[in-house]
Amino acid sequence: MNRIVKAAYAALVFAFLYLPLVVIAVYSFNASKYSLAWKGFTLQWYGKLIGNATLLDAALRSMTIAVVSATVALALGTLAAFMLHQYRFKGRKAVFGGLFVMMMSPDIVIGISLLVLFLGAGLALGFWTLLMGHVTLCMPFAAATVYSRFEGFDPTVVEAARDLGATEYQVFRRIVLPMAAPGLVAAWLLSFTLSLDDVIVSFFTTGPTYEVLPLRIYSMVRLGIKPDVNALSVVMIAITVTAVVLSRRLLKEKS
Amino acid sequence: MRDNNLFKRLVIGGVLGWMVLFGAVPSLMLLGVSFLKRHPDNLIEPVFSLGSYLELLEPALGSMLIQSMLMAATATLLCLVIGYPFAYIVARAGKRYTKTLLLLVMIPFWTNTLIRTYALVAVLKADGVINRLLLFLGVVDAPIKLMYTQTAVFIGLIYTLLPFMILPLYAAVEKLDLRLLEASRDLGASRWNTFRKITIPLTMPGIVSGCMLVFLPALGMFYIPDILGGAKTMLLGNYIRDQFLVSRNIPLGAAASIAMTVIMGVMLFLYYRSVRRAGRKVRI
């Protein structure tokens, strides 16, 4: 392929990926409410967003659930990665397989099966069920991220610590955790964005008492474009971009 | 020494316990429910029945299933056709550019998919960007109808899932040993034959995992047909959701979910086989 053709092709694909995001950003600063025609720069939609209590409440709930579930998923995922990396036990391969299947499972199957579990257990849908759903969604990804970081370790350091009499807990706490720190941050950020991004698992595992942002937006946008949703989208995109760039930086330190 | 064993046991027990409780148990419950009978008011009757599976095979439902799979497969194929050359270009762009280009692929990948779907509305609607451009260029006289069509659903699926195709393809192309391609050319193979007989087989794991990462979500993303397609277009995901929340036929919804899990199983099997063929270690 010719260089120019290549560059043009790549540019076209990027244009496809970014056009909607750019359009939303333009809309969010445009004084005209429904049309793309430029009627002047305004921040009124951001002002309207600040006045929209239900939308902001939902955003706050989404952030809360993303922070809590990322933290729990990271804790569980780190333990899982530590266990798979350090211990040899019966069924270790099955655990690998199980985590892989959970990672690949379509969101809707995860959501539906958890809904069946919660209904069967007689739990009321709300914060706690949503939290369990998001931890289930994020944990395998956190485990895989942390595990790949462990693989880069010098195993003799852990052996030396054990030879010098460190207990398993001390090995975990004093040796493995500090060495894995950048990987842990990356895993947390990955879980955080996964949770923030999720629509389908939330749809099935949360109840009317705990409506998160994507579901709030979902019920709003079925009725058409909303200028304050545009403003909110831009804020959300900014948060995501920051998180991605941060996690990339941290992962780069590794190599 | 006892401390050591306690920590080890706590870790293994905790992780395994959690995986069983939130991984295995819900899946088994779903499987169990799919073999039960529907009760008119109580939702489920504890009676064994193959009824839901038989219903899935009935012509009306069966054709819906096939149509949904065809839609997902078409979206996957389009992603592959668009994504393969793109991944190739990115992987061969030279170290300095590749990293930036990849980051640019990652950003939409991590942006909330619902927000991105919503953003597409602004592009596709009657006075949206595409129609304005077409009118401006004089290609059409009146805005064409894009929103609430099957085309819009395809655009939505491709737009949302394209990065899931590009990233594994990139990883596969990047690992490609260029010497093998040179050898093939030196031995007199045409460009096309080199591509068909060397490049494609060696990047097969990337192709299969990309297809898997696009096809499975494409079956389930019920909000894309909802927002972009109106009520006309149905994916398997829309159907499953409606069985659970609208028609309240939980055994049938569970059976449809199990069907989806079986599809995933087949794809995982194909993935493992393709990785093995390409002579690489299978890894998460």
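Backbone N, Cα and C atoms are what each Cβ position is placed from, and that goes for glycine too.
Curation does not apply to TrEMBL; its annotations are automatic.
Annotation comment: TrEMBL describes A:7-29 (among others) as transmembrane segment. Sequence-distant contacts of the transmembrane segment (A:7-29) (same chain, six or more residues past either end, CB-CB distance under 8 Å): 1, 36, 38, 41-43, 45-46, 225, 227, 230-231, 233-234, 237.
What TrEMBL lists as domain 'ABC transmembrane type-1' is A:59-247.
Remote same-chain partners of the transmembrane segment (A:63-84), defined as residues 6 or more beyond its termini with a Cβ less than 8 Å from a stretch Cβ, comprise 92, 95-96, 99, 127, 130-131, 134-135, 137-147, 149-150, 172, 176-177, 180, 184, 187-189, 191-193, 195-196, 210, 212. Taken from TrEMBL, the feature transmembrane segment applies to A:63-84 (among others).
Residues or ranges marked as transmembrane segment by TrEMBL: A:96-119 (among others).
Remote same-chain partners of the transmembrane segment (A:125-150), defined as residues 6 or more beyond its termini with a Cβ less than 8 Å from a stretch Cβ, comprise 65-66, 68-70, 72-74, 76-78, 80-82, 84-85, 99-100, 102-103, 107, 110-111, 114, 118, 176, 180, 182-184, 186-188, 190-191, 194-195, 198, 201-202, 204-207, 209-210, 212, 254. Here TrEMBL flags A:125-150 (among others) as transmembrane segment.
The transmembrane segment annotation in TrEMBL covers A:171-190 (among others).
The transmembrane segment feature in TrEMBL is assigned to A:229-251 (among others).
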